[in-house]
């Protein structure tokens with residue numbers, strides 16, 4: 001009692017800036033505890049535990065310690081919270097509704113209360129006499145909130161899921177045994193999504209008014225600011241509206257217009273609702289508990305509608321989480337969906353709150369005793385009611401054993417922002433360094449460690465980061481510079497449209513060292529002709545012996561790994577495939593084709609498609625202009641012929657001006673041998689090659705030795721083509 005008298009003393013003094021002189025009580029918040037005697041289980045009709053939905057302390061004189069609790073089964077219980085020593089805490093209970101009671105409110109200064117339930121009614125009870133005074137009927141859905149005016153004991157308001165706000169007056173005569181609303185706000189929180197303007201409807205009598213139903217625009221909480229002002233909030237529109245009750249909203253059923261609105265101030269993309277609204281003792285500050293895990297504080301007397309403070313740290317995922325203020329308006333307590341209750345100091349909302357721990361489910365309704373700072377009541381979905389008291393060290397049994405503690409308070413620590421978290425060097429992941437060597441586990445091909453760094457372009461490996469290195473064009477295209485600057489620069493990010501197979505060729509153990517052309521013969525090529533040898537005849541003699549070994553090279557993955565391990569900076573690895581080697585490779589393919597029957601050679605394109613992977617390891621992928629590059633050049637083993645006149649023939653892919661005469665000579669020879677016209681498609685690629693070089697044993701090509709495409713299909717007998725007369729004559 002001494003503690004309460006000290007707390008009440010500042011309230012009698014002079015206000016400072018709208019606030020009374022206050023004692024530093026924040027250090028006492030961590031002293032709240034809940035003993036085993038202050039934990040009560042909420043039971044239903046059959047004795048099964050059910051969750052309590054609402055709790056509130058009485059405001060009647062000398063009865064401020066009475067706590068009313070309503071649960072899901074429709075029961076209302078009264079608890080005596082004056083002391084822990086009382087054995088019988090619940091001194092009265094009754095079934096108020098045959099449905100869940102979502103909210104209840106005491107009549108100011110009297111032992112009477114009103115309950116709002118899911119049976120679409122609100123009931124007026126005399127607690128002292130234990131009887132029902134009257135039933136308020138008018139809503140068409142569950143009632144979610146009820147509130148009394150501090151200035152009128154007979155006037156209260158209700159809000160329901162039907163989207164309507166109704167004002168009731170118990171002084172009016174009851175009609176057919178039920179109270180009727182004296183004022184109604186229909187569609188109080190409808191969203192403005194209609195494109196057409198609302199049509200004015202004819203005036204109706206308020207007594208016979210049928211309320212509208214809107215299941216999507218539920219009114220979750222209503223509150224009286226004064227005798228003429230009502231505050232409400234909805235479930236989805238995110239707007240807090242202030243209504244002037246001096247206006248008769250039941251006269252015309254139009255879209256109601258509030259006198260003031262507080263728009264949703266949060267950052268959520270969708271508009272959210274509010275689960276609780278409370279006013280301080282002066283009625284000038286509003287605390288709105290939003291479902292975006294924030295509590296917004298608004299100034300009701302100013303013109304600004306933006307919040308003056310924001311409290312966070314808790315979680316609010318349902319419309320059952322409520323809030324309450326301490327008797328001196330210093331502290332704000334709220335339930336939370338994370339099984340705890342939170343207490344903030346109103347003047348310092350940025351400081352971490354004090355947490356009341358002990359519940360095992362969501363904490364829904366909370367109430368700070370208006371006459372005792374040391375007492376807080378909390379309801380939870382774990383079917384229990386807890387009464388928290390300040391621990392003064394006096395709560396002991398006569399035997400000396402302390403009471404069992406089922407709830408305690410702790411100070412929440414400041415949480416570091418995710419963007420400000422500092423990671424130490426030992427925990428951080430090192431950045432990927434540019435890899436100059438190829439990884440044998442890469443799924444896509446990459447250049448070897450000794451491959452030229454800037455000559456040609458390779459496809460990027462799938463797991464290799466991209467790096468950009470600029471080099472001079474002259475150095476990138478000179479064969480001498482390419483071989484000399486292998487280990488000096490890291491690989492350039494290749495582009496797929498400039499890919500060349502030459503840059504993938506590496507040195508095998510049995511290959512001969514590369515022959516460096518004289519400086520006089522080394523030329524700087526243009527970007528478009530970087531892969532075309534300019535002088536072929538001048539380097540044929542030198543490249544003839546070298547090409548015998550180069551033609552056997554393959555780009556096998558195992559070969560790349562073995563060569564890559566042995567490669568050093570000073571190695572003489574072959575980095576390109578000269579044009580003479582490609583010409584010799586075509587000669588070998590033609591020689592192998594000449595040793596087989598010409599009838600079997602016509603199947604060459606079919607066989608070459610099966611070994612296309614081996615063929616592409618030596619020459620470039622075929623272009624649509626040159627069909628010879630896709631021949632069966634990869635058939636191994638092939639006998640090597642001496643470098644002679646046959647090696648002078650070069651392919652069309654090298655674009656040499658002298659290569660145009662052999663095709664004309666072959667066409668003239670064909671016309672001389674075959675006077676009858678032939679289809680161009682009947683000539684096989686091997687026959688085209690034979691006309692451009694001298695063979696050891698020349699083969700005369702006749703129409704009988706060439707197989708047409710029709711010979712591969714089933715040939716019908718003459719009986720199928722001839723009639724019966726012709727068969728008998730034969």
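In case you wondered, yes, glycine gets a Cβ from its N, Cα and C as well.
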Site from 59, 212, 447, 717 that Swiss-Prot describes as phosphoserine, others unannotated there: 717
Of the residues 348, 464, the one that Swiss-Prot lists under phosphothreonine: 464
Candidate ranges 155-161, 176-182, 197-203, 204-210 [criterion: Swiss-Prot lists as motif 'Nuclear localization signal']: 197-203
Candidate set 429, 702, annotation phosphothreonine, source Swiss-Prot, matching residue: 702
Which candidate, of 490, 656, Swiss-Prot gives the annotation phosphoserine: 490
Within the repeat 'WD 5' (267-308), residues counted as helix, strand or coil by DSSP: 0 helix, 18 strand, 24 coil
Local confidence of the motif 'DDB1-binding motif' (168-171) - pLDDT mean: 93
Within-chain partners of the repeat 'WD 7' (358-398) [C-beta distance under 8 Å, separation at least 6 from its ends]: 3-4, 7, 25, 28, 31-35, 38-42, 49-57, 59, 64-65, 67, 69, 79, 81, 84, 317-318, 320-328, 331, 333-341, 406-409
